[in-house]
Amino acid sequence: MAAQASEDLKKLDLNGQAGDSKAAAATAGQAEAGEAEDDSDDDEVDGNAAPEGAASGAAKKKKKRKPKKKKKGGAKVQSSPPRVPISQLFPNNQYPEGEIVEYKNENSYRTTNEEKRYLDRMNNDFLQEYRQGAEVHRQVRQYAQKNIKPGQTLTEIAEGIEDAVRALTGHQGLEEGDNLKGGMGFPCGLSINHCAAHYTPNAGNKMVLQQGDVMKVDFGAHLNGRIVDSAFTMAFDPVYDPLLEAVKDATNTGIREAGIDVRMSDIGAAIQETMESYEVEINGQMHPVKCIRNLNGHNIDQHVIHGGKSVPIVKGGDQTKMEEGEVFAIETFGSTGKGYVREDMETSHYALVPNATPVPLRLSSAKNLLNVINKNFGTLPFCRRYLDRLGQDKYLLGLNNLVSSGIVQDYPPLCDIKGSYTAQFEHTIVLRPTVKEVISRGDDY
């Protein structure tokens, strides 16, 4: 999920990593072999018994039957569309690691330092929650990448992704407090063309994905408030490939440069240098790919998508350093337009302001809605469709009152100039004591 510049901050081939079908077959084969072995042992016992009518008249040995081992069921695999909870695919609650990147230069000692390795082991529960969320994200997005096609409505696409995330986390979010335990980390963003971020359809939206569209798909999955924030861009015309490649390369540059004690400004400078080395030809005209300078990456806190630190995507400015144990969303945005976004179109994204100053509310609708938000979302972002899903109606007046009172922050869509095209790629990284883990990395990007 995009973070605006510091001044704005103030206000799915699913690989079934649960278990390969071949491994399941092998396990089943071993179980059958074990049973055959049991019978074979029984025959040997019987064969050693004295022959019938032996002069010794020895009593016949009774054949002892060993209890048959139960055959193990085959390993579960993910359904299509994804509906099998990730916890059922990984019953031991050990989830796949992300991409492991060793620290470099003065931090290279961390990889083998015993104290740091001990601290790393202490973070296992925290990491498993992140890895579980990341596996949810990978399986959902890989399904989405294969199945999103021009002609579908944005509502159909968004709800398909969100339903899958809820199913795979095992939290439908309909019971009070359930969404705080797991589910959507924030609404599924589907920003088209010149719109770079924070667009998701409201109820009644009829917008249809077109063949010539460039769509940013930005969604989060969380377990216990550990939000995995990752985004990719889809285009159906290869003319936009250089734009997508520029932004993907820039994001990977940011990930490579990020680390403990690294200054934000240095990361931004490296991202900008990579991004702006690309250009794209559209309708016979060459366009330099520009960084959208007032959109940033950000750190992530528990249940809070924008933690307060920003990771710029241009040079200059913030000298703040990244610190051990922090979690960051490294995201970059490229544009063929001005490289600057403004608020535009109908608002859909909202979030409770953490530690907001209490304000007396006169509207009963605002009081009731605030109670619903606190119990169902807390500080997690939500959208109007989520309120509709909970059975809320006629809430707009109360919602606007919460916004004007500074209790809820609205996040309008952020757009460059009309006629331009924008792209986004994003990953969540964890700065572990020993290594940097790109939690959301997959085979796709």
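Glycine is no exception: its Cβ is also placed from the backbone N, Cα and C atoms.
Per Swiss-Prot, the features are:
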- 1-92: region 'Disordered' (REGION)
- 18-33: compositional bias 'Low complexity' (COMPBIAS)
- 34-46: compositional bias 'Acidic residues' (COMPBIAS)
- 47-58: compositional bias 'Low complexity' (COMPBIAS)
- 59-74: compositional bias 'Basic residues' (COMPBIAS)
- His198, His306: substrate binding site (BINDING)
- Asp218, Asp229, Glu426: divalent metal cation 1 binding site (BINDING)
- Asp229, His298, Glu331, Glu426: divalent metal cation 2 binding site (BINDING)
Looking at the binding-site residues Asp218, Glu331, Glu426, which ones sit with their CA no more than 10 Å from the CA of His306 (substrate binding site)?
none
Any further residue of that chain within 8 Å (Cβ to the Cβ centroid of Asp218, Asp229, Glu426) of the recorded divalent metal cation 1 site:
Met1, Ala2, Gly189, Phe219, Gly220, Ser230, Ala231, Ala329, Glu331, Gln424, His427, Thr428
For Glu426 (divalent metal cation 1 binding site), the same-chain residues 6+ apart in sequence with C-beta under 8 angstroms from its C-beta are Asp218, Asp229, Ser230, Ala231, Phe232, Thr251, Gly297, Ala329, Ile330, Glu331, Thr332
Given His198 (substrate binding site) and His298 (divalent metal cation 2 binding site), what distance in Å do their CA atoms have, once rounded to a whole number?
15
